[in-house]
Structure formats: C-alpha cells, structure tokens
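Let me begin by presenting the structure, written as structure tokens, before commenting on it.
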Amino acid sequence: RGARGETEGRWSREAPGAWACGVERGGCQHECKGSAGASNCLCPADAALQADGRSCGLPAEHPCHQLCEHFCHLHGLGNYTCICEAGYQLAADQHRCEDVDDCAQLPSPCPQRCVNTEGGFQCHCDTGYELVDGECVDPVDPCFDNNCEYQCQPVGRSEHKCICAEGFAPVPGAPHKCQMFCNQTSCPADCDPHYPTICRCPEGYIIDEGSTCTDINECDTNICPGQCHNLPGTYECICGPDSALSGQIGIDCDPTQVNEERGTPEDYGGSGEPPVSPTPGATARPSPAPAGPLHSGVLVGISIASLSLVVALLALLCHLRKKQGASRGELEYKCGVPAKELMLQQVKTERTPQKL
C-alpha cells in the first residue's frame with residue numbers, strides 16, 4: 001500500500017514529471033517516452049517543457065520575432081503568423097512587408113490628387129482649391145461678409161484690407177470707413193452726381209470755382225502769434241523765443257490760455273508741457289476771427305447770406321402791413337408780381353373821375 005500510495009502520489013497531478021507512459025500517456029501534453037523504468041514528457045522543437053514536467057509552452061524568445069519583419073502573432077503550439085504595419089502588406093514569403101500603393105486603390109482615397117508615400121499617402125487639391133477635412137473646397141473669400149465702406153482688397157489667403165476711392169482715405173481707428181482727404185493745396189470736390197452744385201470738401205478746405213476744394217490758409221488770419229506754417233487742411237504754430245512755450249508746436253503760445261483751454265499740468269501727467277498738435281487733417285481748429293484778406297469763396301458766402309436777410313425782411317414787412325389793414329393796392333404794389341401792378345394802375349385811373 002505504501003508503495004501503491006507512493007505510486008498513487010506520484011501519479012497525482014500535483015507531483016511534477018510524467019507518470020508511467022502506459023497510463024494516459026504519462027499525463028504528457030505532447031509525447032511520453034519511457035526508458036529504464038522512468039517516464040519523461042517530450043515537447044516539439046519550437047516548444048519548451050514547463051515546470052510541471054508534462055506541459056509544453058512557448059519559449060521566452062520565440063524565433064518568429066526574428067523571422068517576421070514587423071510583428072509576430074503566436075497562436076497555438078508552435079504556430080505563428082507575421083503581421084505588417086498599416087500601409088504595408090505581407091510579401092509572398094509571408095515574412096517580409098511591402099508598401100501598399102494606396103493611390104492605386106479604387107475608389108481613390110483622395111478627392112482630387114493622390115501621392116503615394118512609404119507606408120501611406122498624401123492628398124493634394126488642384127489649383128484654386130483648399131483641402132479642408134479631407135475634402136477639396138473653394139477657398140474662402142477673405143472679403144466675404146466684409147464691412148468696408150468702399151471696396152475690399154484680399155491680403156494673402158485669409159486677410160483683407162479696406163481701400164477708399166481716390167480723394168478719400170481710411171478713418172483713423174475705423175479703417176473700414178472713408179473720409180475725404182487732400183494732401184495738396186487744391187483737390188476736386190465731392191459733388192452729388194444728381195445735383196452738381198451740391199459739393200463738399202475735406203476739413204480745412206473751401207469750395208472754389210464750383211467744384212474745386214482749395215486749402216484755407218489759416219496763417220492769413222493771424223491766428224498764430226508765433227511762426228505759422230500752413231499745411232494742407234491744417235496749420236502748425238511754432239512759439240517764438242519771447243513766449244514761455246518757446247519752440248513748442250501748438251495752436252496758442254500764451255501759457256495762460258493754453259492751461260485754461262487744455263487743462264492743468266496734471267492733465268498732462270505732471271509734465272507741464274502742452275500736447276503736440278495732431279497730424280494734418282485731424283487738427284482741432286479754433287474759429288479764427290477774420291483779420292486778413294478774405295477768400296473769394298468767403299465773399300460769395302457773405303453776399304448770399306446778406307441777400308437772404310434782405311428777402312426775409314421784405315417778407316416780414318409785407319406781413320406786418322397786411323395786419324395793419326393797409327390798402328390792397330398799396331400792398332400789391334409793394335409785394336405783388338408785375339402783372340398785378342398793371343391792374344392796379346387801371347383801377348386808380350378809373351377811380352379818379354368818380355371822386356371828381
């Protein structure tokens with residue numbers, strides 16, 4: 001029994017090694033070989049006997065990892081398959097990997113032009129199209145839905161800038177808007193095409209000869225107590241050596257008036273210096289008192305204003321006389337048209353004999 005017990009213990013699955021080969025093949029997974037009263041389990045050449053002495057398993061370093069170019073997939077006892085990376089296919093020898101010409105596939109993986117690369121491919125679009133999310137689409141117009149007041153001009157593939165018509169320039173701080181601009185002594189006026197007599201000029205200019213804008217020479221009005229330089233659409237005043245603001249550029253050289261009009265030195269950050277006048281076309285110009293020769297356009301404006309005042313006074317006089325109950329003939333003579341004057345003369349001629 002003891003021997004049998006030992007034999008039974010030796011045959012148990014807990015005991016390592018093979019049993020007698022005549023009993024269920026010694027418990028070996030692959031092959032059992034007995035010699036000189038001892039039994040041993042054998043495994044295939046590409047497998048190794050495991051710790052229990054009966055099972056067969058893959059060795060730690062399987063030779064397929066050196067045989068396959070990319071990857072080795074083990075399945076079953078001693079079996080393997082070589083696998084290639086994406087973009088490659090297994091060669092005829094079942095071990096090497098060859099590049100796949102993706103562009104030769106049908107349908108083509110690209111919407112327009114396909115360029116095959118090692119292990120992959122690249123999609124390109126025809127001239128005038130852009131590749132967006134794998135699709136070739138018309139490029140987005142940089143000027144689409146712009147807010148330019150006059151005209152939009154593309155800059156590159158995605159930017160744009162607003163341009164203005166001749167005689168206009170972008171407004172500083174609002175480049176989508178345009179304002180009249182003249183950097184010369186005279187420029188064409190901006191006239192209404194339906195009403196050619198209605199024209200406008202840039203700031204610092206005046207209508208002259210109907211459709212021409214002429215620069216106003218502010219220096220002729222003695223507005224600058226120092227050295228005055230007339231500029232297109234504006235002017236600059238350089239204070240003289242007898243001024244507390246000597247050498248500074250502004251619109252007034254009296255420090256008292258400068259401080260009253262522009263604020264205290266604290267308003268300038270404690271420097272005590274008045275700000276430099278802005279660039280031409282943006283100068284805040286005070287209303288100069290006419291002290292020099294007037295321009296022809298100014299004289300025309302004064303004449304029109306005077307004539308309008310006379311007409312208004314005559315109309316007021318007529319209205320007052322009507323309220324006072326003046327005779328119709330006298331009022332019509334003063335305020336009526338020439339046709340009514342002839343009728344009044346006939347009436348007066350007829351009334352004279354009646355009075356006699």
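Each Cβ is built from the backbone N, Cα and C atoms, and glycine gets one as well.
The average pLDDT computed for the domain 'EGF-like 4' (139-179) is 88. Here Swiss-Prot flags 139-179 as domain 'EGF-like 4', drawing on sequence analysis.
Look at Swiss-Prot and you will find 215-254 tagged as domain 'EGF-like 6'.
Under the heading region 'Disordered', Swiss-Prot lists 255-290.
The transmembrane segment annotation in Swiss-Prot covers 297-320.
Outside the domain 'EGF-like 4' (139-179) by six or more residues, the chain places 128-130, 187-188, 190, 202, 282 with a CB less than 8 A from a CB of the stretch.
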